[in-house]
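Q: Provided herewith is a single structure, encoded as structure tokens, for subsequent inquiry.
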Amino acid sequence: MGNNQSQGQGDKGEKKDQPKYQPPPPPTQFGKKKKRRGAETSTKLPVITPHSKCKLKQLKLERIKDYLLMEQEFLQNYDLNQPKVDENSKEQADEKIIEELRGDPLTVGNLEEIIDDNHAIVSSTVGPEHYVRIMSFVDKSKLYLGATVLLNNKTLSVVGVIDGEVDPMVNVMKVEKAPTESYSDIGGLEAQVQEMKEAIELPLTHPELYEEIGIKPPKGVILYGEPGTGKTLLAKAVANQTSATFLRVVGSELIQKYLGDGPKLVRELFRVADECAPSIVFIDEIDAVGTKRYDSQSGGEREIQRTMLELLNQLDGFDARTDVKVIMATNRIETLDPALIRPGRIDRKIEFPLPDIKTKRKIFEIHTAKMNLSEDVNLEEFVMSKDDLSGADIKAICTESGLLALRERRMRVTHTDFKKAKEKVLYRKTAGAPEGLYM
């Protein structure tokens, strides 16, 4: 019995040595476990169990290694099959994005004021001024007051700058191809040709001659005389002989419809001439814009006077233009404003009179050099005539005589054809013209 008691006490001691039972911790979340998606779960390797070293763990690790090798091979093949992206294609993609941001069509406006790097005040032709944003891809070094900018059609944000913009009318005035006329095509006018060379051609080709002698070359010349005496022809010959840029404009083109467009066109004309220096600006029929000033209530007359004032400013402004020469031509120099043709602006006035006997003979020889003339043609009869014939009249007589020969199916021009042509030209000039046209 005692043994039983001692055995019972030993069992109680063993129970005291065992740890007490602890319940498991409560779950942190209730319900079904949510599946995680994203880059972490796709790149995370699976957990290998059991953790002890055994054959099963080795097989699982080898299987994971095979999957990783397959993934590596797939990525290598994918990179090889992808087209190579060079810098040009990247730039093209960026330009495409910029074009999408700009939108289409674009509105043209003027930059009135720059507030900061990202904002400006612009004005457009379709409305008032606007406070707009400047997009980040715009080259801000090209922005200046008065610049022509491109605006988004909806938000009117500045999305571009038109650099080096030139008035389309000024581009039309620029003579791209040199005229074919030369000094050999001018009959007579030796004194006029010499004066033109000294005033226009030599300062552009040999400016050092004027520096050595210590004088400033003339800024411009004016050619005046009756119609058809060779003023425009001499200007074309100068353009042919020099390699300078030749800008030709008629005086009536400087008269514009809207207020301020005429002076703006004059500024654009001389700005392009300055950029393309050495250059020659030929203004034909200058009397259309350079007439004498007088008090007038007409808005059109005041606009013409403003255009002439801008022309005066460009001729003798503060900016000295040594490589820009001005040639003017007119039939009525007495109607021009004295301020326009004073020395300092127009230093030489070259008169073109009606041709004398010697000049007439040269002009007839030039225009009949390539004509098939009959043996009975006597040009001295027309040269010695007392009729006031200009160079243009002589050219018209030669052309008309050839047309009369073609009318009769002849390939040679006779003396009779010249007589009929002369009578026809003189009739058109005097009796056939309105009274007072050539006064």
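Cβ from N, Cα, C; glycine included.
Residues or ranges marked as ATP binding site in Swiss-Prot (evidence: sequence analysis): G225, E226, P227, G228, T229, G230, K231, T232. Annotation comment: Swiss-Prot describes 1-46 as region 'Disordered'.
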Q: Find, among the binding-site residues listed as G225, P227, G228, G230, the one whose Cβ has the highest number of other Cβ atoms within 10 Å in the structure shown.
A: G230
Q: Name them in sequence order: residues not among G225, E226, P227, G228, T229, G230, K231, T232 whose Cβ is within 8 Å of the mean position of the Cβ atoms defining the ATP site.
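A: Near the ATP site, beyond G225, E226, P227, G228, T229, G230, K231, T232, sit L223, N331, F352, S390, G391, A392.
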Q: Using a 10 Å radius around each Cβ and all protein chains in view, which of these binding-site residues has the most neighbours: T229, T232?
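A: Checking each of T229, T232, the winner is T229.
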Q: Count, for each of the binding-site residues E226, K231, the other C-beta atoms lying within 10 angstroms of its own C-beta, and report the residue with the smallest count.
A: E226
